[in-house]
Structures are given as C-alpha cells and as structure tokens.
Amino acid sequence: MEYPWDDLTLAFSRTSMFPFFDIAHYLVSVMALKQRPGAVAAAWNNPLASWLSAMLHCFGGGILSCMLLAESPLKFLTNHTNILLASSIWYIVFFCPRDLVSQGYSYQPIQFLAAGMKEVTRTWKIVGGVSDANSYYRNAWIVMIVVGWARGAGGAVVTACEQLLKGDWKPEGDEWLKMSFPCKITLLGSIMFTFQHTRHLAISKHDLMFLYTIFLVTIKVTMMMTKDTAVTLTPFEDTLTRMLFGRRQQQQFSSSEKKTEVKPSSNGSASSASKRGAEPSGGAKRHAKKED
C-alpha cells in the first residue's frame, strides 16, 4: 500500500532539472560572477575570458569530479544543450540592452526563487556524484563522499583556481583553507547519501532527497531574507572537535605557553632597567672620587 508521502517524495526525486532548474543555477552563478569588481569591464574587453569564467562557475563541480575520477575535464563540453543554455544566460546577463536582466534579478522574490531552485540542483549533483563514484569504485565510501562533495560544491574550488590564475586570489576565499557554509553542508549531504547508498542509513533515497532539499532551500531562503550569513555549523564543529581533539585543553596549553613567553621578557626588561639604573650610580661614584 502506497502512502501520499511516498508518492510525493518519489515524484519529487524523478523531477527533471532541465531546463528550469538548470536555468536558475546558471543565472545565480553568472550573476555572482557579474557582481565581482571589474567583471563587466572585463566582459566587454575580453568576452572569451569572461565566457570561460562563466562556464567554470556553472560547471565547476562537474569539472572537478571528472578530474577526481580520471576523466577528461572537458567532458562537460559534450553536453551541447547545457553549454548553449549557460552561454545564453551569460550573454543576456552581461550584454542585455539597458541591463534589463540585472534589474529584473534585483527583485528579492526572483532572487529567492532562483536561489531555492539552485539548491535543488545541488541535491541532484550530490546524488549523481555518489552514483558515478560507486560505478567506478564499488562501495568505496570515501571516494563516493569526495566525488559527491566535489560535484555539489566543487565550483567554489575551481573558481578559486581561476582567481589564482588571474591574480585575484585571496587566502581567506580559499575553500580548502576556510570552507564556506555551502561547502560544509554539501559535504554533510554527501556523507548522508553515501551512507544511504551503502545501506548504513535506514532511509529511502527519495525520502532523503526530499528532506535534504527542503533543509537546503529553507536555510538558503532564511539567510537571504534575514540577510544573516552567520548560520554556521560552529556548535556542532566545536562539540566534535572537543570530543576528538580536546580543543579546550589545547587552548589552555597554548595560553600557558604565551604566559611563559611573557615572563622572561618582563624579567629581562626589569633586569635591563636595573642595569640602566645602576650605571648612573657607578658614574656618580667615579665623579665623587675625582672631586676628592
């Protein structure tokens, strides 16, 4: 006997991302590129370089996952339909008369809708990455987690490499050194879908896809509505770090080291001051002897 919940989640898991959800993903990615300083001028001066940057933003996750699976990073170019669709979005965003696309995108309801639809595609990418990794390495759950994460959030890593080549790279923007909230939540999703695939998580695939997508969309829209980017996994990370590595003890140890470093310097300064204070007394004694 099938229940309405199963029908809903199963129908949701069979939803096609083409074309509407893919359009939303390309639109949000290209608009993020356009909002960079100097991106519009660079598009007019060198359209080919701007187009390549846009393709990296749109297909960065697929490129990185292909490289991890020893496939050609140019494999995404074989999907001509998606390339033409992403190129069309790039063209109308940068070269539309009177900048009508950017003006329309400036309305918050449109931004909420596009951002929510983009998060839906993130779930499909994670699931696709986990499935592709399993086809190459059977039940290799570490590989499945890494490839699923790369497919879902690898675009940020690829665009960081692009910024490095252009000379715009900054250490605080590197996803390897400081992972953003979307990358962390994508990694968490990749772990859950991998465990579900290996039957270590007792939940059906379509139910997990539905629940995880609802969670992503809710968090993203809430962050945009409240304009609060402080939604992080810090409490969970702190708890896990204390359990595994004893972070609190490490902080106490480092603070005690700092105190011990300060003490010799203070003693040294005091001794030097005493020496400087002793010099005038010695000079005064010599001066007194000369007077005698």
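In case you wondered, yes, glycine gets a Cβ from its N, Cα and C as well.
The shown structure was predicted, so the numbers you read here are calculated from the model rather than taken from an experiment.
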Request  = Validate this pair against Swiss-Prot: S204 and T241, same side of the membrane or not.
outcome  = no
Task = Quickly jot the same-chain residues contacting the transmembrane segment (104-122) by Cβ under 8 Å, restricted to those at least six beyond its ends, or write none.
result = 15, 17, 20-22, 24-25, 27-29, 31, 152-153, 182, 186, 189, 213, 216-217, 220-221, 224-225
Contact check, the transmembrane segment (141-158) vs the transmembrane segment (48-69), 3+ Cβ pairs under 8 Å, seq sep 6+ = yes
